[in-house]
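Reviewing the structure listed below.
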Amino acid sequence: MDFSVLRNLISRYCAGEEYWVDSRTVYIGHKEPPPAAEAYIPQRYPDNRIVSSKYTLWNFIPKNLFEQFRRIANFYFLLIFLVQLIIDTPTSPVTSGLPLFFVITVTAIKQGYEDWLRHKADCSINECPVDMVQQGTVVRTQSSKLRVGDVVMVREDETFPCDLILLSSSRGDGTCYVTTTSLDGESSHKTYYAVPDTMAFKTEQEVDSLHATIECEQPQPDLYKPLGAENLLLRGATLKNTGHIYAVAIYTGMDTKMALNYQSKSQKRSAVEKSMNAFLIVYLCILISKAVINTVLKYAWQWSADHDEPWYNHRTEIDRERHVIRAFTDFLAFMVLFNYIIPVSMYVTVEMQKFLGSYFIVWDKDMYDEELGVGAQVNTSDLNEELGQVEYVFTDKTGTLTENNMEFIECCVDGHVYIPHAICNGQILSCVIVCLCSCVCQEHEDLFFRALCLCHTVQVKEEETVDSIKRGIHLGKPTSFYISSSPDEVALVEGMKRLGYTYLRLKDSHMEILNKDDEIERFELLHVLNFDSVRRRMSVIVKSSSGEYLLFCKGADTSIFPRVVSGKVEQVRARVEQNAVEGLRTLCVAYRSLSPAEYEEACHQLSDAKLALKDREQRLAQAYDLIERDFTLLGATAVEDRLQEKAADTIESLQKAGMKVWVLTGDKMETAAATCYASKLFRRSTQILELTKKRTEEQSLHDVLSPRIGKLPQSSPSSKGETPWTQTDYGLIIDGATLSAVLKPSPESSGSGNYREIFLEISRNCSAVLCCRMAPLQKAQIVKLIKASKEHPITLAIGDGANDVSMILEAHVGIGIMGKEGRQAARNSDYAIPKFKHLKKMLLVHGHFYYIRIAELVQYFFYKNVCFIFPQFLYQFFCGFSQQPLYDTAYLTLYNISFTSLPILLYSLIEKHISIEMLKRDPTLYRDVAKNALLRWPVFLYWTCLGLFNACIFFFGAYFLFDNTTFTSNGQMFGNWTFGTLVFTVLVFTVTLKLALDTHHWTWINHFVVWGSLLFYVIFSLLWGGIIWPFLNYQRMYYVFMQMLSSGPAWLGIILLITISLLPDVVKKVLCRTLWPTATERAQVGRTAT
């Protein structure tokens, strides 16, 4: 149960009305309103402490125990332990309690250590010094002591201690520059504006004299929908290029947007974990069956008077009448006796294997990027083995397949194409103009260049010191360079500079540009209508020196063309389509001249929308829609985004490994298709099937979908991952509009309305799919659709931007690229890598190894526990079902903890059944482990049957070899404890040697652990039976082990039984490798031959 929910409910009823309103009132400097004002109701807000830890010193033990015993296996062993304490059972409670205590303790230490690190991080944050304005002076205090309404002063390069409203700045225009690297990874400088009414308050005394209130909305976790986005400074961001600012605390502590985003992602479970739980249920059924069978047979055997208890242990009449109670007690006793078939230590071993194994990705030098200075990151270790099971890869295009490093190529103005720095006849020309039409409007040309110099959020910086080197200084003279949150904007502004129009600076709300005649033009920046992924455009309203109001807009062609009323649309559209086919990113540019009345109306609409506390985003969108209309088209731009290094090789390898790669992008179809061909997602021989809006406008969706079913091969992928396109290569292209129609629920129940299934059938038989014009939510819908299909494939999503987070969270495995669009994707992902090319090694090598290792670990744990407990079951047939244990208490307790635990843990960490180079060179080897191949039911049944066979060999081999035979030198016969010790010795050596036979990669650590475990067992047995321990009430194992080893036939029997037990598995492996070898086994033979 989540106690935070209960706490919030109590707070709502007890803390006052502020929890029930949609807004909060903040009094700047805690100055209450005058008595004449309306009633003042103080509101309580949290302090500025950040708490990311899970436990406290007082609740750690009860809370951690509660969480651990929510796991079925732990709770089951707790019940068994309690049963052993309550009733008379054949084994000591220590045999269940000690392993359980070990598992609980190890897990608690791990979780406690992780929480202690979180406590340390919280303390370092909460104790940071903060400058606060009090009584006209600046007072330094701790961050945790800030309250809502406090006025703080933040200096350059300092981090904002909480969410603040900017009151004034040391800059004359009331602006400040901020980087949000710690929030979303974007290192670019963003501009924020002081509240116009408080811009003039420049000193501590003036700020302290301020009497004002702020009405704002209650805190929300969305980082990208803040109130007054241009005024709100978020906790964690850093002040740059500004001497200092004064701001008021608006959200503190756990109410800040940064803290509200601390909430963990939904828990993802791997296919291996699901298989483990299924196997556990099977073994639980086997355990119950064993207990029921033994209970029934016990009473059937005792039904005869000859087999009843002896005369000296006759039961009373009361005991004879309690059949049901005694039967239930015996059933529980048998459950306790056989409960070791459930491997309690398997879960802690799996956790340790995942936690320690995840460091191999972090330590991998091949996945370290020198340019970025970062390596791969693991945000969760619970999905390591899932990397070896991926069937579908969903990837973003920009910044993931491409570099997101934009270069301006050309622009088109009324049919004239401008190419900067083109090469003609071996000479570099500053500008080449290609005429596509007979005439050109000089006014449109100037407006186009001015539009690109003004319609942006680029910042100009004179110089910057990086690693003691001043960037921006050339030949001793300072030169400006551009910074922006969007690489496209920097490329466009730099492109205009190469064409003769230079953006100089933003000063005192005026933008200055240097035109081609070396004249400085000044435009007053009035409003910025920021870009968003829904509108897919941005606009600025400026006022020229002549007093004319101009609205400049740039955006995607689909968002500009419908709003254009004049201009040479067809010529520009043709050029845009041609550039898109060549793989270039295109933007259209338009403008509109506003009359003073239209400008006043626009100001009024924007002001109302920005001041709204409810539905601010919707009202802003409506205002933008009313303002951005009736455009005159000026032209278009083309920017190139190069393909990332080895992106094509990575995609080709993933396809050879049996994975289907889908590209989900918001770009135009032609641009995205060109990238897909360049990255070898599509080949020239690929037959492309198009499901686009253009086609669905010409005919109905049903008529478009149905014929394509007939074109495709109707075979489904085989278990080895082979796809139908190996014979005929098909590719699918679908756009966002068509996808919306496909996913739209239809009221019809007929086949004509079942578009979803038709689309799935088409995409299932295509080698690659391109989804263009995708909104972020549609990306997640695509992933969810494939996840829910009848095959339930394992999906992986990879992207680098905030618009990819939804699909990363939706996929089974989410991977973030640490690119230039910020770190939102990397922070919300399960794994993060510097470049797309690193995905190849992560899946084909690390994923392959992780799955092989943990599959062997799981199957081996169940196998060795079957070998361990089935002889105990057989022993009951020879002891009158008396619940007599076959093994000593020490052996029962330490079997899974000490004798057999370390070899399998080490195997699951360092085993390499094939070389890394071979896995990278031959991606088809990935298919051998695909679709959970090593944890399928046939494989599970083989391991279980092998365990049953070995258990029978252990028990009956020892029984028939030593039946009615004297084996000791003094003529004594073996007793029951000697017999059990003999069986246990064969058991320990057999299961350990079985793992040794399965090991392909031997190191000195393997030898030390494997042979050291066997030696530890022998030494422990000698000490346990060779010394009289004072803390034991009775010592039934005294001299038993030494007596067994003193017998020559016992040595011969141990060697013989171990050999017979291991022989069938060895023969099976030899036959399978010879007659039906897998691709991996053939590669192993080839490697040995070379």
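Placement of Cβ uses the backbone N, Cα and C atoms for every residue, glycine included.
Taken straight from TrEMBL:
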- 42-96: domain 'P-type ATPase N-terminal' (DOMAIN)
- 130-258: domain 'P-type ATPase A' (DOMAIN)
- 278-301: transmembrane segment (TRANSMEM)
- 331-350: transmembrane segment (TRANSMEM)
- ASP396: active site, 4-aspartylphosphate intermediate (ACT_SITE)
- ASP396, LYS397, THR398, GLU489, PHE531, LYS554, ARG585, THR665, GLY666, ASP667, ARG773, LYS779, ASN803, ASP804: ATP binding site (BINDING)
- ASP396, THR398, ASP800, ASP804: Mg(2+) binding site (BINDING)
- 826-1078: domain 'P-type ATPase C-terminal' (DOMAIN)
- 890-910: transmembrane segment (TRANSMEM)
- 940-962: transmembrane segment (TRANSMEM)
- 974-996: transmembrane segment (TRANSMEM)
- 1008-1032: transmembrane segment (TRANSMEM)
- 1038-1063: transmembrane segment (TRANSMEM)
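Secondary structure by DSSP for the domain 'P-type ATPase A' (130-258): 20 helix, 56 strand, 53 coil. Cα-Cα distances to ASP800 (Mg(2+) binding site) place THR398 within 10 Å, out of the binding-site residues THR398, PHE531, ARG585, GLY666, ARG773. Spanning the listed ATP site, residues ASP396, LYS397, THR398, GLU489, PHE531, LYS554, ARG585, THR665, GLY666, ASP667, ARG773, LYS779, ASN803, ASP804 have a farthest Cα to Cα distance of 25 Å.
For the binding-site residues listed here (THR398, ASN803), the lowest count of other CB atoms within 10 A around the CB belongs to ASN803. Counting Cβ pairs under 8 Å to the transmembrane segment (1038-1063), the top-ranked stretch among 278-301, 331-350, 890-910, 940-962, 1008-1032 is 940-962. Residue counts for the domain 'P-type ATPase N-terminal' (42-96) under DSSP (helix as H, G, I; strand as E, B; rest coil) come to 27 helix, 0 strand, 28 coil. Sequence-distant neighbours of ARG585 (ATP binding site) (same chain, 6+ residues apart, CB-CB distance under 8 A): THR398, MET406, ASP488, ALA638, VAL639, GLU640, ASP641, ASP667, THR671. The Cβ of ARG773 (ATP binding site) lies under 8 Å from the Cβ of THR558, GLY666, ASP667, LYS668, MET669, ASP735, GLY736, ALA737, each of which sits 6+ residues away along the same chain. Each of the recorded positions ASP396, ASP800, ASP804 was scored by the other Cβ atoms within 10 Å of its Cβ; the lowest score goes to ASP396. Mean model confidence for the domain 'P-type ATPase A' (130-258) is a pLDDT of 81. The transmembrane segment (890-910) shares more Cβ pairs under 8 Å with 1008-1032 than with any other stretch in the list 278-301, 331-350, 940-962, 974-996, 1008-1032. Of all Cβ atoms in the shown protein chains, 20 besides its own fall within 10 Å of the Cβ of PHE531 (ATP binding site). Through the fold, the transmembrane segment (1008-1032) approaches residues 888, 890, 894, 898-900, 902-903, 906, 981, 985, 988-989, 992, 995-996, 999, 1038-1042 of its own chain, all at least 6 residues removed from its boundaries and within a Cβ separation under 8 Å.
Within the same chain, residues 71, 73-74, 76-77, 80, 83-84, 87-91, 95-96, 99-100, 102-103, 106-107, 276, 280, 283-284, 286-288, 290-292, 294-295, 854, 857-858, 861-862, 865-866, 868-870, 872-873, 883, 885, 892, 895-897, 901, 904-905, 908 sit at least 6 positions outside the transmembrane segment (331-350) and bring their C-beta atoms closer than 8 Å to a C-beta of that stretch.
When the binding-site residues PHE531, ASN803, ASP804 are ranked by how far their Cα is from the Cα of the residue listed as 'active site, 4-aspartylphosphate intermediate', ASP804 comes first.
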